[in-house]
2 protein chains.
Amino acid sequence: MTLRVGVVGGGQLARMMIAPAVELGIELRVLAEQPGMAASLAATAVGDYRDAETVLAFARDVDVVTFDHEHVPQPVLHALEEAGVAVRPGADALRFAQDKLLMRARLEELGMPQPDWAAVADATELQDFLDAHGGRAVVKTPRGGYDGKGVRVVSAATEADDWFTVLAEDARGGALLVEELVEFTRELAQQVARRPSGDMRSYPVVETVQREGVCAEVIAPAPHAAERLADVARGIGEAIAEGLGVTGMLAVELFETSDERVLVNELAMRPHNSGHWSQDGAVTGQFEQHLRAVLDLPLGDTTPREAWSVMVNILGGPVAGGLSDRFAAAMAEHPAAKIHTYGKDPRPGRKVGHVTVAGDELDETAYEARAAAVHFDD
Amino acid sequence: MTLRVGVVGGGQLARMMIAPAVELGIELRVLAEQPGMAASLAATAVGDYRDAETVLAFARDVDVVTFDHEHVPQPVLHALEEAGVAVRPGADALRFAQDKLLMRARLEELGMPQPDWAAVADATELQDFLDAHGGRAVVKTPRGGYDGKGVRVVSAATEADDWFTVLAEDARGGALLVEELVEFTRELAQQVARRPSGDMRSYPVVETVQREGVCAEVIAPAPHAAERLADVARGIGEAIAEGLGVTGMLAVELFETSDERVLVNELAMRPHNSGHWSQDGAVTGQFEQHLRAVLDLPLGDTTPREAWSVMVNILGGPVAGGLSDRFAAAMAEHPAAKIHTYGKDPRPGRKVGHVTVAGDELDETAYEARAAAVHFDD
């Protein structure tokens, strides 16, 4: 019997599960939002993931349902679980990825290091927080944000008025999340795979470089990461995976501060941009690992294949022509670069591909990856 | 514009082009012999590759046509080329892979080292060759053989009577190929990728271990291969790729003799079992390289990622249940093993998957690969 994994969502994360699924011999079935998406090759259904009937019909005849994104509503997740479908990560874990206030509260219970935070229901409460934190803070909508969307640095409570208005109109009520503006020296990410049986495997902590709120580059492992830092990051990742009951891949985005603290910034319960390096740079890539984890198969070796891997995102892509028009020049100059494109039309700021180079020397490896990726700009 | 590669044939070689095609962002279209084949995920047509109209219709709207096997008849290849389709490798190159007598004659012209050979039209000519070569020789049908089929060691001319009878009935006439029985110490394979523009990249020469005429194991690079041997093998591979006008991947199977000669045994103008190690063990795997070569894109780096890679075929597979029933045990004990299965039903002797392990130490690497593959036996 061929194992069958159903993926809700047809974006590039679902697309990048295709290669390891085909290689292992797992049948991947994708519920795509619309035709022609990045994962369309594996799409067996097109439909609305917010509709329980659509998702239930899709989930028939698969061994497990997993996700390209975390936006499937709780009622749909519960309907799946009540119908006896294996949902990984499950509804109870996904709550914490879907609601940043729930996430902050749960991390506090788990004793995880994180920025000062509060739930603020109105401008007065936000102003109080600002006053107590030097007059500036980060305000986030608890739901629906990604890649810097739904995140705003404010220095006056009025700067979040529009969001408070939306909240007031939302029948569910609720609050905004406000967080201390952390003076970080750099951003890190820790990935952990966890099986339903509880087994976990962690990847080395990586450094992520963001530009305009979007991941631009990842260096694996994080340079100058002392053993203590790597241990602390891994400990945080594993405690969160276990404490939140995550199954599949978990990514924990972290701030490293000048006083050597590590604070949890964001979570993602799925393969994550910070782990794309592992496709080419680790014995087991994150997409294969996610499939193994959600199928409750033993996890693969996460050891890096080379001393350094550098992943550079292709953001936007060429203004004229397609990405493949740039293959010839990029490949001619960078024969060791691993080029990935997602079958998406170029658009300013959009993640349309990435390039990974692995090597012995960080400087050279990073140069090669950046220089290869530049071929796909404008 | 997305690049489109059409592959004639839906077997595991076409299947293993899917992963690099999806990652690079190339559209792969497969003409499968029947539904449900190994490469069915990418199948856009099902039909008979011996029918020119079927293949011409399939070839419409692709940038290049390439192959899962070498059995497409010359008239079909010519029809494609006359219709202006880019066919890689082309009809003129494929002749030499389709007819072993043509291949031997051409290699002789090129001055390539090979076993003594002759075209024998009847038992008398075969007996003459036997008498001149110690009474034993290898007889081959020039066309249609693979994995040991169409190959027979004989010590009396009468042992080929059935094949002579078939030849006599074949309107094309023709002869059998008879070759000296080479006293080889081991078998090697040299892979070369060649672009239409002429650029080539070679992989390191590997050692192949055959059991009952079928490739069982590959060690990359070939152990104890002195630089001279590696240079000779690469020289032979590149001379053949150029001399025969091959585009895409070429595999040259070689005998190494006790007196340190290297003789050409067989050719394959496509990705080849001897190169499966490169998927996990080289910077650029042979399936990505084949796609790049047939699209006339610059070729990728062929450097091994680790000192050693060992690939072990899964032959036959479990007598009961499917291959995926064995994942749990194999993965639990061998977390660094890269497991590949082809979506084919187990059947004695059939190639249904392979396992590759890459590492620093040959003994340990080979042990891991063999021990992981054993989980998929009987």
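A Cβ is built for glycine as well, from the same backbone N, Cα and C atoms used for every other residue.
Automatic prediction, not curation, is the source of TrEMBL annotations.
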Additional site residue, A:Lys140, A:Lys149 [criterion: listed by TrEMBL with A:Lys100, A:Glu179, A:Glu180, A:Leu181, A:Val182, A:Glu187, A:Asn265, A:Glu266 for ATP]: A:Lys140
Stretch-averaged pLDDT - the domain 'ATP-grasp' (A:104-295): 94
Densest Cβ neighbourhood among A:Glu179, A:Glu266 (binding-site residues), 10 Å radius: A:Glu179
Proximal but sequence-remote residues of the same chain as A:Glu187 (ATP binding site) (Cβ under 8 Å, at least 6 apart): A:Glu207, A:Thr208, A:Val209, A:Gln210, A:Glu253, A:Leu254, A:Phe255, A:Glu256, A:Asn265
Coarse DSSP state, helix versus strand versus coil, of A:Lys100 (ATP binding site): helix
Other C-beta atoms that fall within 10 angstroms of the C-beta of A:Lys100 (ATP binding site): 24
